[in-house]
Amino acid sequence: MYRTISRSSSGLIRQSTARLTRQLSTTRTTPSQYNSKLLLGVLGTGALAFGYFSQQSSLIQNASTAENIEKVFEEGNAVAKDAQESLDARQEKVIKENEQKTKKAEDAKTSSESKANVADKKSNSQPEGEPEGEGKQEAAFNPDTGEINWDCPCLGGMAHGPCGEEFKEAFSCFVFSETEPKGIDCIKKFENMRSCFKRYPEHYKDELYDDGEEEASTEVVEHVVLETSEPAIEQIEQGIKEDKVKPNTKSD
């Protein structure tokens with residue numbers, strides 16, 4: 001009985017071993033087949049990795065290029081903006097300068113026209129024979145009567161001071177004098193005028209004192225008075241030449 005069991009066991013073991021051997025032989029891979037599969041796996045993984053990194057590198061390069069392009073556009077926009085602002089400023093400056101030139105020209109034209117109108121009005125209102133640019137009160141003589149206008153500002157107000165009468169006599173004598181040198185025959189009248197000035201130094205300080213407190217001579221006083229009333233003398237002498245002023249006109 002023991003033998004029978006032993007044989008049976010041995011038979012089972014052999015059958016199992018044979019079956020396992022066949023299974024191993026059908027599933028076992030040879031070294032060459034294994035190496036080929038390993039190489040394919042490595043190459044596939046490398047290709048995938050290269051593709052991935054190539055794609056990432058391309059994305060990085062594209063992003064960098066896009067940033068550079070954007071930077072260039074920003075710089076270009078800034079330059080264009082500065083150029084436009086500069087152009088606008090220049091145009092505004094030119095416009096203002098043109099406006100100022102136009103305004104100056106218009107003002108000059110208006111001023112010229114205004115002066116011309118004033119001159120025309122004066123010319124139209126001025127009596128014939130009256131010195132140009134002077135009204136009756138400002139003329140040295142009255143063209144209607146031919147008399148000296150003692151109210152003329154050109155006489156310096158000396159005809160109405162404390163020594164007004166003495167001034168009128170001396171002045172009338174000088175402007176109508178026909179001697180050479182002119183006025184030499186009026187010395188006595190100028191001496192009388194100077195004597196009157198000395199009585200009223202507060203009124204005739206400028207005429208009576210020459211450069212300080214020293215009293216001026218009759219000749220100096222005469223010179224100062226005639227120099228002050230020189231515009232009136234010129235007008236009256238011209239009026240005498242044109243026979244518009246009466247010789248030896250008596251003072252008021």
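Each Cβ is built from the backbone N, Cα and C atoms, and glycine gets one as well.
Marked as transit peptide by Swiss-Prot on the basis of sequence analysis: 1-31.
Taken from Swiss-Prot, the feature topological domain 'Mitochondrial matrix' applies to 32-37.
The transmembrane segment feature in Swiss-Prot is assigned to 38-54; the stated evidence is sequence analysis.
Residues or ranges marked as compositional bias 'Basic and acidic residues' by Swiss-Prot: 90-123 (among others).
Sequence annotations record features per position, and here Swiss-Prot assigns region 'Disordered' to 90-143 (among others).
Sequence annotations record features per position, and here Swiss-Prot assigns domain 'CHCH' to 160-204.
Feature annotation from Swiss-Prot assigns motif 'Cx9C motif 1' to 163-173; the stated evidence is sequence analysis. On the 0 to 100 pLDDT scale, the model's mean across the motif 'Cx9C motif 1' (163-173) is 92.
Taken from Swiss-Prot, the feature motif 'Cx9C motif 2' applies to 186-196, supported by sequence analysis.
According to Swiss-Prot, the feature region 'Disordered' maps to 230-252 (among others).
The annotation compositional bias 'Basic and acidic residues' is assigned in Swiss-Prot to 239-252 (among others).
Note: the domain 'CHCH' (160-204) comprises 29 helix, 0 strand, 16 coil (DSSP; helix = H, G, I, strand = E, B).
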